[in-house]
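Here is what Swiss-Prot records for this protein:
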INTRAMEM  412-423  intramembrane segment
INTRAMEM  424-431  intramembrane segment
REGION    494-529  region 'Disordered'
MOTIF     424-429  motif 'Selectivity filter'
TOPO_DOM  1-217  topological domain 'Cytoplasmic'
TOPO_DOM  294-304  topological domain 'Cytoplasmic'
TOPO_DOM  362-376  topological domain 'Cytoplasmic'
TOPO_DOM  468-529  topological domain 'Cytoplasmic'
């Protein structure tokens, strides 16, 4: 039996001769077609001009050898030119020798666009796929960016560069803030580490109590106490700088020196010193507890919030070591300890970093950190624009005002004026007096407004996105049923990372089966392209 496929229509004939339509003004053409070897002959692999039967996610099509030969570098083009069955199997997911059909577990919607590419030579972007899924499919089938049609190339490149995830700046829809599966997998992987650990269940509960304020009532109380201690520490540091406390400490230091004692131990108010010790004890308890309860010590030291906790207590202990070193020198010190007192003051100044501990309990601060992390290009562009503008207008102002002796004596001295002018702060400590200098100042201010406004808009949009995303995650934790959350935690007892990988592969197979089930129904015969 012979089979002829013309534009998607199949014609069958049991004879070896098929009469084709007669050309205009010509004579009848009688062509003899050779039967292709059956799948069980075991003599030849495939004819070079034989149509390729493929099944992509449940969508079956027949592709002509002529269309595939136009693009030999693509996956289907290489499959058509495969010299053996083993070589062909390496290019597909499965092969049915009886039906001579190649199976691919890929997106069926993209495959329909791929068929259009083999007909026209141009690939169009599909709105049903995100830019990264579309790029992965294109790479799998061996298509590059040059294959994109001119009408879709600019849109694809813009979405790939500026929109890592499709989100609308003015929309609060859940699709713009949904957590990705990678975040959920990271949480499951962290929880799975407690399965094989000693006292894993207890450590897991304590870790969630300290890390997740919405986990239980004790976790909320712990969060409130932590915030109160941070605020008390910051308030004590600010009160310590008031003039009356400075005068009191100076008088106590003079009295100690007059009595022949060291002045190092009397420079702090007793109440503030006790409050400082209490705050340091609480911060040390937090750091040590999180370190002992953390599922991974390596990940603990890689987390920015944990590094902030360490920095908040490190200056206190360094100050104690420096004080002990000064005490060993009898309070006078040697040449090598001449500037150690200034180093101690620097360590005390580092206490201001404790305010960053509020980021663990503040959605806005965490969103700001994520924004700066993902906006380093925009921040770099902003600094570059400011540097160029300050350099140019500082030189112009120096040239116009150097004879007036009003503070524009050197170009580096003009940098301060250029910075406060471009950022539209304008302290007024240094102002131009000549007409040329005032024109330069006007251009500097207008240029600063334009230069600063352009990147700030992009950074603000990213901050809004990350803030809404973080609020949505916190709302999901608050609204989740506590018993269901406990069941989820119980389900990961004893689960290893290997089992998580196995479950992930199983879920991918399930999604592939769903694609086959949801694929559009096909006629009994395959269509030819």
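Each Cβ is built from the backbone N, Cα and C atoms, and glycine gets one as well.
A Cβ distance under 8 Å defines the sequence-distant neighbours of the topological domain 'Cytoplasmic' (362-376), meaning residues of its chain 6+ beyond its ends; these are 304, 356, 458-459, 462-463, 466-467, 469-471, 474. In the topological domain 'Cytoplasmic' (294-304), helix, strand and coil residues by DSSP number 7 helix, 0 strand, 4 coil. Each residue of the topological domain 'Cytoplasmic' (362-376) gets a DSSP state, and the totals for helix, strand and coil are 13 helix, 0 strand, 2 coil. A mean pLDDT of 71 is what the model gives for the topological domain 'Cytoplasmic' (1-217). Summarised by DSSP class, the composition of the motif 'Selectivity filter' (424-429) is 0 helix, 0 strand, 6 coil.
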